[in-house]
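**Student:** My structure is below; once you've seen it, I'll send some questions.
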Amino acid sequence: MSKNYLLAVLALLLSGPVVAADAIAGTVERQPVNMEAIVMFLIFVAMTLGITYWASRRTRSRSDYYTAGGNITGFQNGLAMAGDFMSAASFLGISALVYTSGFDGLIYSLGFLVGWPIILFLIAERLRNLGRYTFADVASYRLKQMPIRTLSACGSLVVVALYLIAQMVGAGKLIQLLFGLDYHVAVVLVGILMVMYVLFGGMLATTWVQIIKAVLLLFGASFMAIMVMKNVGFSFDTLFSEAMKIHPKGVAIMRPGGLVNDPISALSLGLGLMFGTAGLPHILMRFFTVSDAREARKSVFYATGLMGYFYFLTFIIGFGAILLVGANPAFKDATGALLGGNNMAAVHLADAVGGSLFLGFISAVAFATILAVVAGLTLAGASAVSHDLYASVVRKGQASEREELRVSKITVVALGVVAILLGILFEKQNIAFMVGLAFSIAASCNFPIILLSMYWSRLTTRGAMTGGWLGLLTAVILMILGPTIWVQVLGHARPIFPYEYPALFSMLVAFIGTWLFSVTDNSTQGAEERLRFRAQFVRSQTGVGIEGGKGH
């Protein structure tokens, strides 16, 4: 029975807020522990703390701390990007959607994946050639430093805060289950590990934690997919035909369109996922860890390939769950429903193909996933405060490298404390909307500023500031007035804003506001900023003047 409890709560915790309806909510009681999961989890923690110690001996300068000295290779960075982005949420959530809806489950995996070609073709090269530590370096390259960096830092911190809350609650409840610890103690433990990785190891430790997590997740998913295909003689025709025979919907699971009841919400969600990815600060920061634009492009190429492979595996896993889990009464309750809900499908499949040992491995991988993400988020938040706000706005570029590093490390500790407090505060709250809101803000505030600053010569500080703030505020306000918060959280009968995700509308507001207030800007400063675009364009195309490798 303890295994079933663990499976149920793992599915509840890690089913993605964007891809599953169930929130991380309610009280989780302590359950008997899974010893295999604990052993593998402790091995992972010991390994990553060893890496942190190794990284701390090689992290001396500001460049080392923020970007690992620019010495990460394209392949390593691609693996780390994949590790930063592939989540246990998408692993469990998309597999569950395939299990319940068949072909339609691909809609969400495509939404997560399709943003990466945008990064590859529009952003990667110019971002690396123009920036140094954060994306605000790029946005403020020819615009006024103080207001643009303030806006960029605020956008980054809001996204980081929303992500951290979701991750801390999920990680805290997972550790609570695995160790039988009190939830508060579990959240504190996660916060301490997160701070240790970033405080002592900086970007180098964060990168290797993400690489290890990516390898483990890809191995686990590959093993499950191979075992599924082995059961059907490695024949996709057999896999799909047998699934259609077993599934209650029959042939309908191979037809698209069943999940998309509201095309406006679907479009808004798709836009948020596509363009929000290109505005996530912890993803954009990874481009500065490589030596030049060529390695930056290679990073996205490898990351996209690895993630495409991963989402392909989730499709096999979902159909495999129909065969090996859906047809097995051991995984059903008395009513015939899947134990723990449909989000259990992939984890039940792990038990079916690998037993309790492999279930323990998947549990440890789930926690590794959360640690990898929170480490990247914490470093992105710390760099926004120390590099963009403190060094560039408060000290107006006069801060010494040592001073900036000190502020960054203080910020890491502060973010750890805040993350712990918010994790405790939101223990019993519906936080499912937070990841959707984070993507919407990234798509509505960060992405328009980055894109237009690199490609539109008529952009001015006035336009960027107005459009960026309008996009951020519109995304937040519409999310509050929408069905998730206004009805489910606040308890009103009907939402004021009828759609669940605001990106479609908040992005329009951001781009129109930026365009309008830029073209109507007739100030001397605006004219000078337009003239500086040519020099920026040359730098963005050639990389002349960038620092690479250890000098970066």
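Glycine is no exception: its Cβ is also placed from the backbone N, Cα and C atoms.
Marked as transmembrane segment by Swiss-Prot on the basis of sequence analysis: 6-26, 35-55, 103-123, 151-171, 185-205, 208-228, 264-284, 305-325, 357-377, 407-427, 467-487, 496-516 (among others).
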**Student:** With pairs closer than 6 in sequence left out, are the transmembrane segment (467-487) and the transmembrane segment (208-228) joined by 3 or more CB pairs under 8 Å?
**Tutor:** no
**Student:** Among 35-55, 103-123, 151-171, 264-284, which stretch has the highest count of C-beta pairs below 8 Å with the transmembrane segment (467-487)?
**Tutor:** 151-171
**Student:** Ranking 103-123, 264-284, 305-325, 357-377, 407-427 by the number of C-beta pairs under 8 Å to the transmembrane segment (35-55), which range is first?
**Tutor:** 357-377
**Student:** So which of 185-205, 357-377, 407-427 has the most C-beta pairs under 8 Å when paired with the transmembrane segment (264-284)?
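**Tutor:** Out of the listed stretches, 357-377 contacts the transmembrane segment (264-284) most.
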**Student:** Given the transmembrane segment (151-171), which of the listed stretches 103-123, 185-205, 357-377 has the most Cβ pairs that are under 8 Å apart from it?
**Tutor:** 357-377
**Student:** Give the nonlocal contacts of the transmembrane segment (185-205) in its own chain as ranges (CB under 8 Å, at least six residues past its ends).
**Tutor:** 45, 48-49, 51-56, 58-59, 64-69, 168-169, 171-176, 179, 285, 289, 370-371, 374-375, 378-379, 382, 409, 412-413, 415-417, 419-420, 423-424
